[in-house]
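Asks: Below you will find the structure I want to go over with you.
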Amino acid sequence: MSFEKEIQKRRTFGIISHPDAGKTTLTEKLLLFGGAIQEAGAVKNNKIKKSATSDFMEIERQRGISVATSVLAFIYKDKKINILDTPGHKDFAEDTFRTLTAVDSVIVVIDVAKGVEEQTEKLVEVCRMRKIPIIVFINKLDREGKDAFDLLDEVEQKLGLSVTPLSFPIGMGYDFKGIYNIYEKNINLFSGDSKKNIEETIAFDDVQSPELETVIGEKAATTLRDDLELVNGVYPKFSKEKYLASEQQPVFFGSALNNFGVRELLDCFIEIAPSPRPKRAEEREVVANEKDFTGFVFKIHANMDPKHRDRLAFIKIVSGTFERNKPYLHVRNNKKLKFSSPNAFFAEKKEIVDISYPGDIVGLHDTGHFKIGDTLTEGEELHYKGIPSFSPEHFRYINNGDPMKAKPLYKGIDQLMDEGVAQLFTLELNGRKIIGTVGALQFEVIQYRLEHEYGAKCTYENFPVFKACWVDPDDKNNDEFKEFKRVKQKFLAKDKQGQLVFLADSQFSLQMTQQKYPSVKLHFTSEFE
Ligand code: GDP
């Protein structure tokens, strides 16, 4: 198959949702369609069910699962589908944000009864900022939920999207009869005594046809006709161009658990979702069909086997082909590296591959060369943009708990930070080290992993800070900046890259600082122009 065709057949995407909306269930049903798994229950749910108590085994188990489900790939109707896993738990939101730099589109799952929830809002905001094409799947139609139009309004308002339904429910909950597929112009009946997985598709070009009454009954037929008229009147026609430009978001309804509405979603998805999109590097934009390989690290995972200290770095291929045993330039280190056993992912397994194409993810064994955001090329000095660090919200001093183990402790901290587990700051005033995390659970993960993987012990001490902001002065030599640095000395630190960070101890002090020193810009992500 030609290089161009290989690119065209790839769909690399992520499924995002608030925990419990049905992401795992939907993923599993998609894999079933691809024939990648034989039965339900094969995809492990990688969410942390328990609260943030010290259940370290649980954390370990979760890490194991998330290696296995980091990338799930399968073939469906000649398309190579790569699903990148995005943890739903809010303490791991940063992981998800970074994974979103490697997807070409997303499917957002929303629970019909709960509507738009907090995590969905945050994740969709990131997608919108990056202009990632979004399809919305409203799930659990077999349950009583919100009115479809109200829900569409909610999605528009809370998520700032511009939706157009491509399917529409006929009834809901107990009265759920099925779905009218606006995109394919047919009706999918949800029927049978058990209301389980019994699917019948009836072509229905014209819903005005009296046959509709015989199929779904008089009352439902009238409601559906009215609903569709309203849909036509209120929502714009679906435009693939607008969807690809992230200006319009198609919506599907269904029930992942009952495998209902999932095929329709998948069939439409493979038709409209983008193949690998161009990606901006600091130097230029890179297009998938360029001959030379380029890619970047978006995730690093420690090996689960304590005997092998190596890690797996996940690379998204942006352009060209990635070949086994071919030397590539690690741009940050200015070093050529060869990989004898790159892993590709298929269903829930990984295997060694000789060649991978744009859109694919390869897992490379790493003994500490990589960190998140690193770029690999065939020689070009290229730096991919868009892997920001987010402003952490939990802070603690980190101390060495065993004076004999200082070296492994610092090595461990260094490597965990490269993996993106948390961020390390060094106070300007006294050089003390502070760990900042997006979620509180990370402190336990760090402590546990330092002990089990590096044989080091750490202790924490509270450090009452509200938020860390990256400092970007208009002019390093102006008096305002000098004054800011002098007055706020106690609250200034450097991040691992040496960027200056302001640690605000409260919302109030943050606002006051912004007012007092307007020429000192404070940013909530490490990436700014
Ligand atoms: P995730 O946290 O988003 O991955 O959610 P899961 O896929 O684990 O689903 C959360 C719960 O909702 C599970 O108990 C599922 O069985 C259930 N669920 C998922 N889809 C549906 C659906 O279509 N209908 C109903 N009634 N329950 C569902």
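For all residues, glycine too, the Cβ spot is worked out from N, Cα and C.
In TrEMBL, annotation is done automatically, which means it is predicted and not curated.
Copying in the features that TrEMBL gives for the protein in this structure:
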type	residues	note
BINDING	17-24, 85-89, 139-142	GTP binding site
DOMAIN	8-277	domain 'Tr-type G'
Asks: Can you tell me how many other Cβ atoms are located within 10 Å of the Cβ belonging to Asp20 (GTP binding site)?
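Replies: So the number of other Cβ atoms within 10 Å of Asp20 (GTP binding site) is 16.
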Asks: Same-chain residues six or more away whose CB lies under 8 A from the CB of Leu141 (GTP binding site)?
Replies: Val112, Pro169, Met172, Gly173, Phe176, Ile179, Phe190, Phe253, Gly254, Ser255, Phe260, Gly261
Asks: Please check the binding-site residues Thr86, His89, Leu141 against ligand 1 and give me the ones with CB under 6 A, sequence order.
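Replies: Not one meets the Cβ criterion.
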